[in-house]
Amino acid sequence: MPMGSLQPLATLYLLGMLVASCLGRLSWYDPDFQARLTRSNSKCQGQLEVYLKDGWHMVCSQSWGRSSKQWEDPSQASKVCQRLNCGVPLSLGPFLVTYTPQSSIICYGQLGSFSNCSHSRNDMCHSLGLTCLEPQKTTPPTTRPPPTTTPEPTAPPRLQLVAQSGGQHCAGVVEFYSGSLGGTISYEAQDKTQDLENFLCNNLQCGSFLKHLPETEAGRAQDPGEPREHQPLPIQWKIQNSSCTSLEHCFRKIKPQKSGRVLALLCSGFQPKVQSRLVGGSSICEGTVEVRQGAQWAALCDSSSARSSLRWEEVCREQQCGSVNSYRVLDAGDPTSRGLFCPHQKLSQCHELWERNSYCKKVFVTCQDPNPAGLAAGTVASIILALVLLVVLLVVCGPLAYKKLVKKFRQKKQRQWIGPTGMNQNMSFHRNHTATVRSHAENPTASHVDNEYSQPPRNSHLSAYPALEGALHRSSMQPDNSSDSDYDLHGAQRL
């Protein structure tokens, strides 16, 4: 290939490296990729958030051309679980309880690629959820003094829980291995083995014993596609000492059996746990309790085993809220109301939920909100707009209204003038301040013809009051003032 054709290729390669370095973490397979799981009480399950160059972003489940309800093969997110120090991925799909305190993004291209992402509206984004297996808690091995004699080389006794197809971690049939011999353990319902079961769950690093699983028969039919190594072994052991403190003293070997009930336990460390949420309230810390069964959410029905607040305290903690403030049972007036039922006191003890097809009484729980909601942006904008309109209204209409009020007030204080009010009256007078105004009932014909003048007549060389001068002249000729008028004609003076 000529050297001239290599230069454009080298330029494109360098440009691609520059774009990749600007975008930062392009895929969850990159060694420096950062991710976290939020909105749950475990670091190994929750809402997937990734860190790009400008901060943390919630990943929408519609990314990479998927629908908001599509579930993916969880093994594709194994690198994310490894970076979170969790076990294998159990589920990858819509988280359903969407909480978006920060920005959300939709990405395109191959699954797990973040080189082509765009910001999405929070109300259009459904969060992507990931559930990984919880890591096993390791305990330091007990130190024992070295044996005086060299034992026969053999594997130490050990236990294993075999879950049924689609089962849970820390739940299943107990298998015991001693040396080269391994098998299941025979179990009878009348056996008093509470201490033994707690010892077994603790030895399996699965917490404490919760319950026996429903009757499980050894040698059950193999499910299609299930590997043979996941099938329970035949019965080889029987309980010997229910108070044992070491595995080699707990069981004794018996003749192999192909059928019979075997020991199957459910321990408190089972995974995945029941997920809950609060809906229909004013915030994520208030509402009706719903639980998840597979990919579906349904109302949690009230039960007699949950009369205390322990269950609701656990629900509030899962929502990352404070302690429970109150809870009340809603009346199930509809006989067709359906939901899910947990027979245990706490939801963390329920490895399966039962259906209730009628008279499901929902529970409304109110938790303490660590971040109470303030005024919404729309409310603040409305208040500001109303204040602006009020100021504009005062600026435009205020001066005009003020002038009208001042004018009206001044008119009331101005002097009132009385002019001719009848056909035979040709005089106008100043009203005497000492005269008593008669009622309108005595002079109804003049009650509506009073004249008001804003200013008195200006002085001139001509008489401004000829009628008044005539009246004065007549009054001098007729000294008796027998008129019923309210005006003092004797006291009138020429202006």
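Any Cβ shown, glycine's included, is placed from N, Cα and C.
Under the heading topological domain 'Extracellular', Swiss-Prot lists 25-372.
Here Swiss-Prot flags 35-133 as domain 'SRCR 1', drawing on sequence analysis.
The disulfide bond annotation in Swiss-Prot covers Cys44-Cys86 (among others) and rests on experimental evidence. Non-local neighbourhood of Cys86 (disulfide bond): Lys43, Cys44, Cys132, Leu133, Glu134, Pro135, each in the same chain, at least six residues away, with C-beta under 8 Å from its C-beta.
What Swiss-Prot lists as disulfide bond is Cys60-Cys125 (among others), and the listing cites experimental evidence. Annotation for Cys60 (disulfide bond): same-chain Cβ neighbours under 8 Å, separated by at least 6 residues, are Ser68, Ser104, Ile105, Ile106, Ser120, Cys125, His126, Ser127, Leu128.
Residues or ranges marked as disulfide bond by Swiss-Prot on the basis of experimental evidence: Cys81-Cys132 (among others). Reduced to three states, the DSSP call for Cys132 (disulfide bond) is strand.
If you draw a 10 Å sphere around the CB of Cys107 (disulfide bond), it holds 24 other CB atoms from the protein chains shown. For Cys107-Cys117 (among others), the entry in Swiss-Prot reads disulfide bond, with the evidence type experimental evidence.
What Swiss-Prot records for Asn116 (among others) is N-linked glycosylation site. DSSP assigns Asn116 (N-linked glycosylation site) to coil, not to a helix or a strand. Non-local contacts of Asn116 (N-linked glycosylation site) by the CB criterion (under 8 A, 6+ apart in sequence, same chain) comprise Cys107, Tyr108, Gly109.
Residues annotated as compositional bias 'Pro residues' in Swiss-Prot: 142-155.
If you look up Swiss-Prot, you'll see 159-268 marked as domain 'SRCR 2', on the strength of sequence analysis.
According to Swiss-Prot, the disulfide bond annotation covers Cys201-Cys267 (among others), on the basis of sequence analysis. The Cβ of Cys201 (disulfide bond) lies under 8 Å from the Cβ of Cys170, Gly207, Ser208, Phe209, Leu265, Cys267, Ser268, Gly269, each on the same chain and at least six residues away in sequence.
Feature annotation from Swiss-Prot assigns N-linked glycosylation site to Asn241 (among others). Note on Asn241 (N-linked glycosylation site): other Cβ atoms within 10 Å of its Cβ, all shown chains, come to 13.
Annotation source Swiss-Prot lists disulfide bond at Cys244-Cys250 (among others). Residue environment of Cys244 (disulfide bond) contains 16 other Cβ atoms, counted within 10 Å of its Cβ in all protein chains. Mapped onto three states, the DSSP output places Cys244 (disulfide bond) in coil.
Take the CB of Cys321 (disulfide bond) and look out to 10 A: across all protein chains shown you find 22 other CB atoms. The secondary structure of Cys321 (disulfide bond), as reduced to three states from DSSP, is coil rather than helix or strand. Residues or ranges marked as disulfide bond in Swiss-Prot: Cys285-Cys321 (among others).
Packing around Cys301 (disulfide bond) is summarised by its Cβ count: 25 other Cβ atoms lie within 10 angstroms of its Cβ, all protein chains included. Summarising the annotation, Swiss-Prot assigns disulfide bond to Cys301-Cys360 (among others) and lists experimental evidence as the type of evidence.
According to Swiss-Prot, the feature disulfide bond maps to Cys316-Cys367 (among others), an assignment based on experimental evidence. Around Cys316 (disulfide bond), the same-chain residues six or more apart in sequence whose CB sits under 8 Å from its CB are Cys285, Gly322, Ser323, Val324, Val365, Cys367, Gln368, listed in sequence order.
Swiss-Prot lists Cys342-Cys350 (among others) with the feature disulfide bond. On its own chain, Cys350 (disulfide bond) has Val274, Cys342, Pro343, His344 as residues at least 6 apart in sequence with a Cβ closer than 8 Å to its own Cβ.
When secondary structure is read from DSSP and collapsed to three states, Cys267 (disulfide bond) falls in the strand class.
Neighbour count (other Cβ atoms within 10 Å of the Cβ, all protein chains): 20 for Cys117 (disulfide bond). Cα proximity to Cys250 (disulfide bond) (within 10 Å) is found for none of the disulfide-bonded residues Cys81, Cys301, Cys321, Cys360. Listed in sequence order, the residues of the same chain lying 6 or more apart from Cys360 (disulfide bond) and placing their CB within less than 8 Å of its CB are Ala299, Cys301, Ala332, Ser337, Arg338, Gly339, Phe341.
Between the CA atoms of Asn241 (N-linked glycosylation site) and Cys81 (disulfide bond) there is a gap of 40 Å, rounded to the nearest whole number.
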